[in-house]
Amino acid sequence: MAPIYYILIALPSTIGAIALALTHIYRHLLNYTEPTYQRFIVRIIFMVPVYALTSFLSLIFNESSIYFDSIREIYEAWVIYNFLALCLEWVGGPGAVVLSLTGRVLKPNWCLMTCCFPPIPLDGRFIRRCKQGCLQFVILKPILVAITFVLYAKGKYQDGNFSARQSYLYITIIYTISYSMALYALALFYVACRDLLQPFNPVPKFIIIKSVVFLTYWQGVLVFLAAKSGHIKDPEEAAEFQNFIICFEMLIAAVGHLYAFPYKEYAGANIGTSRGFGASLAHALMLNDFYHDTVHQFAPAYHDYVLYNHSNDTGDEGARKYRTKTFVPIGSEMENVRKNKQTFAPPTVQSPNSVQGTTKPEAMNSSLLSDASNSASAPYDFTLIDMDIQVPANKETGKK
């Protein structure tokens, strides 16, 4: 067990963080008027109880801390994916993003580490790569955890042991690469869609997510490096110190979530009515969206896309399912699609450049984006992407 003063200080912080987060989640579920958004918000807020509880249990049962830390790290990957999914829902889905940003490119920039690459077209391929960057971390992390458990049982794994004969060094390298790819994909998506996300005030949300996920990880790496260099007695003490700090940090994160994801934005909304606490919780915990997203993004031959009727009144995604073959063209073909954008894009996402000679679109406000619609025609390239098409619940629709 960790030193008693660690536990005495961490206990009230843990209780306070869990109480604030669960109250916040409860408020969202009681005011579950926009389930398409709030499903992801509830999952993100739940990171505070998971982080706080697992870190405190690691202080109490430090010999079993590897199991508690693994749960925390898996949920860390889950949060990154859900935040990207939330951003996509805010702007109307992947199809709406492609239609809004068609003809744009992400200019080379040294801050984004794209200075040595040609301009990146903001098309269906770009959105798909961003989603794949986040999903690979969600998929890889449980696999790394399972490998860690096997190696730990055989005495080949020890937290903070950077010896070449121990697997901690190699797992940390693989984890860091996968983790960095996920955060990089999230950053690229934010830069490309920053102006589209502006009505949803994304800055505080990005800050709180990046602070909790990014800083806690590198904080742990630095603490173990301090143990290796002799500034901390040993890796066991370093792990205890890391868990102690996280317990306190989660109290700050819980307060930050209250301001970043306020439930009052959805309380009394005219979009829909809440179905009650139990039904709302069940909807938030369903993993069907993650399953379909994974299949869509990593199976190039998968042509049948399940279309859900996102009912704002009930939030029921499972009532009706339709299948269709959805192709989103990229490159020069999109110029023709843009003229008919209102037919395909959700009404909440408007494109000011759908008519020639109009003013500069919002998506062009960023200095990192440029218009490539007048460039030389590229070969036809069709990219599969899942488009969220609104289908009335009271109409019978067959297979297309």
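In case you wondered, yes, glycine gets a Cβ from its N, Cα and C as well.
These features come from TrEMBL:
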TRANSMEM  6-28  transmembrane segment
TRANSMEM  40-60  transmembrane segment
TRANSMEM  80-101  transmembrane segment
TRANSMEM  134-153  transmembrane segment
TRANSMEM  168-191  transmembrane segment
TRANSMEM  203-226  transmembrane segment
TRANSMEM  241-261  transmembrane segment
COMPBIAS  342-359  compositional bias 'Polar residues'
REGION    342-361  region 'Disordered'
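Between the transmembrane segment (40-60) and the transmembrane segment (241-261), three or more CB pairs separated by 6 or more residues in sequence fall under 8 Å, so the two stretches touch. Sequence-distant neighbours of the transmembrane segment (203-226) (same chain, 6+ residues past either end, Cβ-Cβ under 8 Å): 44, 47, 51, 76, 79-80, 83, 159-160, 162, 172, 176, 179, 183, 190, 232, 235, 238-239, 241-242, 245-246, 249-250, 253, 256-257, 259-261. Below 8 angstroms of C-beta separation, residues 77, 80-81, 83-84, 87, 106, 112-113, 126-127, 129-134, 136-137, 140-141, 144, 147-148, 151, 157-162, 197, 202, 206, 210, 213-214, 217, 221, 366, 368 of the same chain, each at least six residues beyond the ends of the transmembrane segment (168-191), sit close to that stretch.
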